[in-house]
Amino acid sequence: METEGKFSEERESGMAKKTENVGSTTGSNGNSFPLSFWEVTVASTVVLGFVLGFLGVYLTMPSSDYSFLKLPRTLEDLQILRDNLESYTSDYTAQVLVGYCMVYIFMQTFMIPGTVFMSLLAGSLFGVFRGVALVVFAATAGASSCYFLSKLIGRPIVFSLWPDKLRFFQAQVAKRRERLLNYMLFLRLTPTLPNTFINFASPIVDVPYHIFFLGTSIGLIPAAYITVRAGLALGQLQSIGDLYDFNSIATLFFIGIVSVTPTLPSQMTSTRLHGSETLDGLSALSYEGGLGQLGRLGKGGG
């Protein structure tokens, strides 16, 4: 029993040190605004790359009135954009695809809200299967871009914007190092934490990129399917809330729970050994209101 007690104390001490490291970094880096010259240079280079890409797409499109080209903020905006793009999709498929992907990736990279509208647009323009493939590709690419940008310049930003969420995320990741892929799948499938936060905070809490990539590319598929499929009947949607009925939400939670099932035996073993730990694999759902996060469109495909 003494050995088990020592092991428990050492394990808890190690986890506490990891959390303290995050807190200490907050003190040293959290107040480092404005960003350094090189950090601003990196961010500016990324923006310039997107601008040049958009310019290339624009110059290869036919002359027309492009006043309809703006990021949709309402379903009405989205329907206007869809109606105008439909006439271009068949004749300028490559340009539309490249432009769509660049906009989606740009929005994901710089945490611009509204990707749920882009997911609906994919379903309306390209159908379910091609739309889901397009959304998953663009969302994964955008999330990866955000991951690496955050790795370079994101530490002071994430500490400033989400200090409480970051501590929560750090603690959960530290507890699940051995089954981290399952946990990342769970996060992507359920509204425990917003996808925007996951993208930006993962490199800060040392989630390996291969785990991040697999969890993102696989975990976004169910929500992307729900949103893209709804895009087929875009004219019938009255509000974004219509996307997620009870059955859709229950399905996402069921898949998410299944994804963490393999981690439960080790959690129960740990609980029996140490006594002081609880099975918190599912209790994380209560953080930040759970279902409320889905209402904020965090799982609409990215």
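A Cβ is built for glycine as well, from the same backbone N, Cα and C atoms used for every other residue.
According to TrEMBL, the features are:
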{"type": "REGION", "residues": "1-27", "note": "region 'Disordered'"}
{"type": "COMPBIAS", "residues": "1-20", "note": "compositional bias 'Basic and acidic residues'"}
{"type": "TRANSMEM", "residues": "40-61", "note": "transmembrane segment"}
{"type": "TRANSMEM", "residues": "97-122", "note": "transmembrane segment"}
{"type": "DOMAIN", "residues": "112-231", "note": "domain 'VTT'"}
{"type": "TRANSMEM", "residues": "128-149", "note": "transmembrane segment"}
{"type": "TRANSMEM", "residues": "185-205", "note": "transmembrane segment"}
{"type": "TRANSMEM", "residues": "211-232", "note": "transmembrane segment"}
{"type": "TRANSMEM", "residues": "244-264", "note": "transmembrane segment"}
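Panel annotation: around the transmembrane segment (97-122), residues 46, 50, 53-54, 57, 71-73, 75, 77-78, 81-82, 85, 130-132, 134-135, 137-139, 141-143, 145-146, 149, 196, 199-200, 224, 227-228, 230-231, 234, 237, 240, 243, 297, 300-302 of the same chain, lying at least six beyond its termini, place a Cβ under 8 Å from a Cβ of the stretch.
When averaged over the domain 'VTT' (112-231), pLDDT in the model lands at 92.
The DSSP breakdown of the domain 'VTT' (112-231), given as helix, strand and coil counts, is 100 helix, 0 strand, 20 coil.
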